[in-house]
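*Asks:* Pasting a structure here, questions to come.
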Amino acid sequence: MTLSFFLSQCAGEENWVDNRTIYVGHREPPSGTEAYIPQRYPDNRIVSSKYTFWNFVPKNLFEQFRRIANFYFLIIFLVQLIIDTPTSPVTSGLPLFFVITVTAIKQGYEDWLRHKADNAMNQCPVHFIRHGKLVRKQSRKLRVGDIVMVKEDETFPCDLIFLSSSRGDGTCFVTTASLDGESSHKTYYAVQDTKAFHNEQDIDALHATIECEQPQPDLYKFVGRINVYHDRNEPIARPLGSENLLLRGATLKNTERIFGVAIYTGMETKMALNYQSKSQKRSAVEKSMNVFLIVYLCILISKALINTALKYVWQSDPFRDEPWYNQKTESERKRNLILRAFTDFLAFMVLFNYIIPVSMYVTVEMQKFLGSYFLTWDEEMFDEDTGEGPLVNTSDLNEELGQVEYVFTDKTGTLTENNMEFIECCIEGHVYIPHVICNGQILHDCTGIDMIDSSPGGSGKEREELFFRALCLCHTVQVKEDDNIDGLKKAQLSGRSCVYISSSPDEVALVEGIQRLGYTYLRLKDNFMEILNPKNDIERFELLEMLSFDSVRRRMSVIVRSVAGDIFLFCKGADSSIFPRVTEGKIDQIRSRVERNAVEGLRTLCVAYKKFTRKEYDSVCKLLQNAKLALHDREKKLAEAYEQIEKDLILLGATAVEDQLQEKAADTIEALQKAGIKVWVLTGDKMETAAATCYACKLFRRNTQLLELTTKKIEEQSLHDVLFDLSKTVLKHSGSLTRDNFSGLSTDMQDYGLIIDGAALSLIMKPREDGSSGNYRERFLEICRNCSAVLCCRMAPLQKAQIVKLIKLSKEHPITLAIGDGANDVSMILEAHVGIGITGKEGRQAARNSDYAIPKFKHLKKMLLVHGHFYYVRISELVQYFFYKVG
């Protein structure tokens, strides 16, 4: 079976253009298996700098003289040097030299800082295995095929296939905050046949080859296989997916060490492919100045041509050609007429050169530089918690702040604190709040909901216990017994300290919240989950199957067996995913509570269950096994199996978790919308989570009709049909849309909000079979223009930049601003006209690569609506005054 066929069957894709074969540890496979063909791959150097020592001067001069003003003054300076002119070359040469030199020093210093950062990254020590021993070498010397050891709290030096871990179950925990903004712990899994190799000698003896796709920037997608050779037997082939791939830039957490083999290095890693190179940004005012410059240049050329012509008309009379005070020399009389006319034309150009003010450019540069201090001196934008104020990395874009039409913001860490708190749960219409109201007591403000008796008995009490057990069992939370773990909450479990770890902070909040209501999750050991009930009895459940969460199903399930032999399926997920699958329970009461919590911006989940007989479980087990072993359309068959299993459920209740918003985030967004600025949220988070945050920060309102352009919708209909339906919906009211409608001042019309995910965006941006993608893009932009707010979820860093670029290059050419706090936001920050970094918890990469940095999202309001306004007024009056003065 060829790799291309294997990859296409495993991933459900039809065509792979190319692939690569990697020899683990550079060991040749046993003789007779296949030919050993070494392939050339780049080393592990990361290069984010723009210049080198040798090309700085020519490259920088070339970039600077691409500016019309600089090129024009260079030509005038050269003309003054070459011919006899009435003005000195110093008048245009000195200001030009000053501007060029200052700009070159500034850009050279910035690039030196990038070189310094690159060298620090490329020279950091990495441990790898050679001849059964650990050897240290610099990161830049890593090669594809090297086996690398990474210790706890270290960052992965390249993209690695996870071979083994110090943990007995072959797992490790990773944070990917610098890649996708998610600071929660994600679980990755070692290759089944290598996870038992715990020392250097075992790993070094491994004979294996890895076949995988060529590098591509999608963080959430990876397809390949590993062939493990045992003696001379046929190799054992195992599929590889994104759960086996450890990405450069991610950090190992709560795992002593792992071994992995390098498959993508240097500029081929997914992190590097998502990196947007830094380019010189120009403000709209500067572009307008260039237009004025061209107009005045045309006037100057016209004046010079007219005066040259008039001179020769005047000199056509011999008596006027050589007056007694200015007689020509013999050589001048013999000069070619055309050459004389051209020299005279240049002389007139220099003579009338004053109408294009060279001093204006120097004055504007000084005004921008000094004006930037008004921002840094603003005491209201100083954050006492962090002790930091606003930072100006470039003063070239000050006036752009007052012209912004679109704001693209990250969610986690920018709009929210990423600090989840369990608020309440609703069981059969009963509302429970930890430490406040519990055990069947009803909230006073819940009179509109039909509650069960405040002292539930019989089936009511049984459902209550099942609900708590479901939340204790239906999750991917791991327990680490440790006193100190960075950034994670502790739970006191019967006198001992315990930390919950999960890829989703929601799950940690739910498990901790249920613990405060009396049920404590203890651990998963030998495939048995243990919980502590309110009577301090330990209950054990055997974990039979886990139906993992995915963004299409929007739910997850576990199948467990109690000590008594009862087999349960517990399912939790989004209300839109659970309600259609339930047949029993107090659906209306719970739905009412869920809708109320969602509008308040809380993240809601519904919980349901069903009980299996032994015979039913056997058929379920067989169905799952067949789907898991399928090579052809495995994902599709698993989805079909999950669909059959997760039906005819009994609804137990719902939960509400709050992701605390940044201070005054909602007020800031509301103020920006009232100013006529459109706000888009771009996040790597899942849809339900992001939508709840958008409601909380008032991006979506109660009357907002949400339109979905997601993978799930496209699977039900074709992309063309979905776009057509959405376009038809929003264009019904397009005739009455005005700027006020988007500013939140109009409430008498239908308000639309669009939700799109990364996979759907890829399809929109992908060229069609006829080689064009313009039709889909235009239709998508048309829908977006008629929506008051847009939420883009499950976005890779490069996709965030694509969205910004798509809007930036649309026919209206609006001024765009991107704001974020993590390394995953750098691409969109560099792509937007103005990039703003927040000096937050996720490092300073965003602040370093931005044009401006602020301590909190709330400071954006004053930055745009006050400072931006005055910057634009000042520069406009200054430029108009200069052109008026020379007019």
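Note: Cβ is positioned from N, Cα and C throughout, glycine not excepted.
TrEMBL annotations: computationally assigned, not manually curated.
Relevant sequence annotations retrieved from TrEMBL are reproduced here:
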ACT_SITE  Asp410  active site, 4-aspartylphosphate intermediate
BINDING   Asp410, Thr412, Asp821, Asp825  Mg(2+) binding site
BINDING   Asp410, Lys411, Thr412, Glu507, Phe549, Lys572, Arg603, Thr683, Gly684, Asp685, Arg794, Lys800, Asn824, Asp825  ATP binding site
DOMAIN    38-92  domain 'P-type ATPase N-terminal'
DOMAIN    123-187  domain 'P-type ATPase A'
DOMAIN    847-885  domain 'P-type ATPase C-terminal'
TRANSMEM  291-314  transmembrane segment
TRANSMEM  345-364  transmembrane segment
*Asks:* Listed binding-site residues are Phe549, Arg603, Gly684, Arg794; which of them have CA atoms within 10 A of the CA of Thr412 (Mg(2+) binding site)?
*Replies:* Gly684
*Asks:* In the same chain, which residue numbers or ranges, 6 or more beyond the ends of the domain 'P-type ATPase C-terminal' (847-885), come under 8 angstroms Cβ to Cβ?
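*Replies:* Residues 278, 281, 285, 288-289, 292, 296, 357, 359-360, 363-364, 367-368, 371, 374-375, 378, 380-383, 385-386, 388-394, 397-404, 407, 409, 414-415, 662-665, 667-668, 671-672, 675, 677, 817, 819, 826, 829-830, 834-839.
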*Asks:* Just the number: how many Å between the Cα atoms of Gly684 (ATP binding site) and the residue listed as 'active site, 4-aspartylphosphate intermediate'?
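*Replies:* Rounded to a whole number, the Cα-Cα distance is 9 Å.
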*Asks:* Which of Arg603, Arg794 has the fewest nearby Cβ atoms, counting only those within 10 Å, among these binding-site residues?
*Replies:* Arg794
*Asks:* DSSP helix, strand and coil counts for the domain 'P-type ATPase C-terminal' (847-885)?
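*Replies:* Helix (H, G, I), strand (E, B), coil: 30 helix, 3 strand, 6 coil.
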*Asks:* Tell me the Cβ neighbour count for the residue listed as 'active site, 4-aspartylphosphate intermediate', meaning other Cβ atoms within 10 Å of its Cβ, over all protein chains shown.
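*Replies:* The residue listed as 'active site, 4-aspartylphosphate intermediate' is surrounded by 30 other Cβ atoms within 10 Å.
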*Asks:* Measuring Cα to Cα, how many angstrom lie between Asp410 (active site, 4-aspartylphosphate intermediate) and Arg603 (ATP binding site)?
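*Replies:* The separation of the Cα atoms works out to 18 Å.
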*Asks:* Roughly how many angstrom lie between the C-alpha atoms of Asp825 (Mg(2+) binding site) and Arg794 (ATP binding site)?
*Replies:* 13
*Asks:* Over the span of the domain 'P-type ATPase N-terminal' (38-92), count residues by DSSP class, listing helix, strand and coil in order.
*Replies:* 27 helix, 0 strand, 28 coil
*Asks:* Which of these binding-site residues has the least crowded Cβ, counting other Cβ atoms within 10 Å: Asp821, Asp825?
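*Replies:* Per-residue Cβ counts within 10 Å for the binding-site residues Asp821, Asp825 bottom out at Asp821.
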*Asks:* Within its own chain, what residues at least 6 apart in sequence put their Cβ under 8 Å from the Cβ of Phe549 (ATP binding site), listed in sequence order?
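*Replies:* The answer is Arg555, Met556, Gly573.
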